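Q: Sending over a structure as structure tokens; questions will come in a sec.
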Ligand code: GLV
Ligand code: MN
Ligand code: MN
Ligand code: MN
């Protein structure tokens with residue numbers, strides 16, 4: 001039977017908009033801020049839960065809030081490994097309304113489309129909303145999927161702290177998520193296959209006028225925190241030769257990080273310093289302490305590690321020269337993920353069946369699929385986003401682009417759940 005799922009695009013867009021309205025951003029939607037374990041995050045979760053229940057899905061929430069909504073009609077073997085899809089609904093400060101949400105609400109709509117078609121899966125199909133794909137609160141991205149895949153142990157989880165010094169365990173319990181952290185890791189055979197629908201967050205698909213990207217692999221991300229300690233003092237009293245200004249040292253470090261990235265042998269290496277805290281932060285006080293973060297990624301993990309090493313050596317040399325100390329911690333340095341041939345083939349077949357052109361590409365952003373790939377054969381479906389913009393309020397994918405992505409997702413889920 002050839003399947004022609006119809007996507008209820010207006011309804012899906014309405015749901016995306018309703019979710020976008022659940023936000024802590026001072027600006028109105030489409031600007032969105034939704035940080036894990038806040039009241040706003042809980043409201044978004046409640047909204048989604050209602051939609052899952054309306055679709056007849058069975059909801060399970062794990063001890064850290066990862067939410068699994070399962071469709072298991074009589075045709076499906078309830079004990080068989082499921083076909084999984086999903087993404088995240090947390091949003092960094094001042095983000096847009098499509099990052100992650102298209103994969104969660106799109107996953108739900110793909111299941112509803114299959115239900116409307118009368119499709120009979122042989123195994124359960126599950127849509128997942130991961131806790132905290134974004135690193136905003138706890139410094140590390142994908143904490144939910146890392147824990148599911150066993151990459152972050154319960155001992156690692158409880159060591160994570162937020163800016164208020166509250167640890168992950170306390171914060172999740174305060175938000176109402178209880179239970180044993182050891183129960184978060186899923187069994188190796190929980191999923192038969194995994195696929196995530198996401199906006200590209202880059203310009204390639206739009207430039208190629210391609211409706212669908214089939215992801216072949218996900219670039220390797222690493223995050224470091226640097227602490228620079230110099231000597232504070234009076235902005236008028238301390239003459240320049242005597243200064244050990246921590247911010248000037250940080251500025252030099254940031255400039256050389258940019259130079260290292262620009263001269264990298266791999267064109268895919270990108271370096272971003274996105275947070276800078278200056279102490280004491282007064283107009284007439286020499287900065288004595290600075291904290292800054294470094295986000296470093298490459299499709300070539302060896303090159304990323306070599307550049308990280310060179311940056312650290314350069315900082316040490318510069319610290320000695322300026323008389324400041326520079327220390328750093330590695331929050332994460334993950335290997336890249338390769339997508340699975342059978343899932344890639346299923347997505348390709350889905351595109352062909354839907355009569356949509358596709359293009360094979362790498363994901364430069366990381367996603368929960370980076371960690372789901374450790375647990376299950378994994379693939380990702382990308383759709384274009386305007387001007388490649390993401391992590392900004394003007395992030396946008398058109399209704400047609402979203403609808404095409406959900407159609408491909410539905411056909412892919414059907415293919416993967418047919419045997
Ligand atoms: C996640 O949003 C990332 O930074 O790739
Ligand atoms: Mn994001
Ligand atoms: Mn995302
Ligand atoms: Mn992401």
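For all residues, glycine too, the Cβ spot is worked out from N, Cα and C.
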Q: TrEMBL has 88, 198 binding Zn(2+) 1. Which one of 77, 99, 189 is in the same site?
A: 99
Q: Looking at Cβ-Cβ distances, which residues of the chain lie under 8 angstroms from residue 391 (Zn(2+) 2 binding site) while being 6 or more apart from it?
A: 92, 95, 96, 99, 201
Q: Just to confirm: which same-chain residues, 6+ apart in sequence, have a Cβ under 8 Å from the Cβ of residue 88 (Zn(2+) 1 binding site)?
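A: Residue 88 (Zn(2+) 1 binding site) has long-range Cβ partners 100, 103, 104, 129, 130, 131, 132, 133, 134, 144, 368.
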Q: Starting from the Zn(2+) 2 site formed by 99, 134, 391, give every other residue of that chain whose CB sits within 8 Å of the mean position of their CB atoms, in sequence order.
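A: Counting only non-site residues, the set is 91, 92, 95, 96, 100, 133, 201, 390.
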Q: Quick one: of the binding-site residues 99, 134, 391, flag those whose CB is under 6 Å from ligand 3, and say none if nothing qualifies.
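A: From 99, 134, 391, counting a Cβ under 6 Å from ligand 3 as near, the near ones are 99.
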Q: If you count the C-beta atoms lying within 10 Å of each candidate's C-beta, which of the binding-site residues 99, 134 ends up with the smallest number?
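A: 134, out of the binding-site residues 99, 134, has the fewest neighbouring Cβ atoms within 10 Å.
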Q: Starting from the Zn(2+) 1 site formed by 88, 99, 198, give every other residue of that chain whose CB sits within 8 Å of the mean position of their CB atoms, in sequence order.
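A: Everything else in range on the chain: 87, 98, 100, 101, 102, 103, 133, 199, 367.
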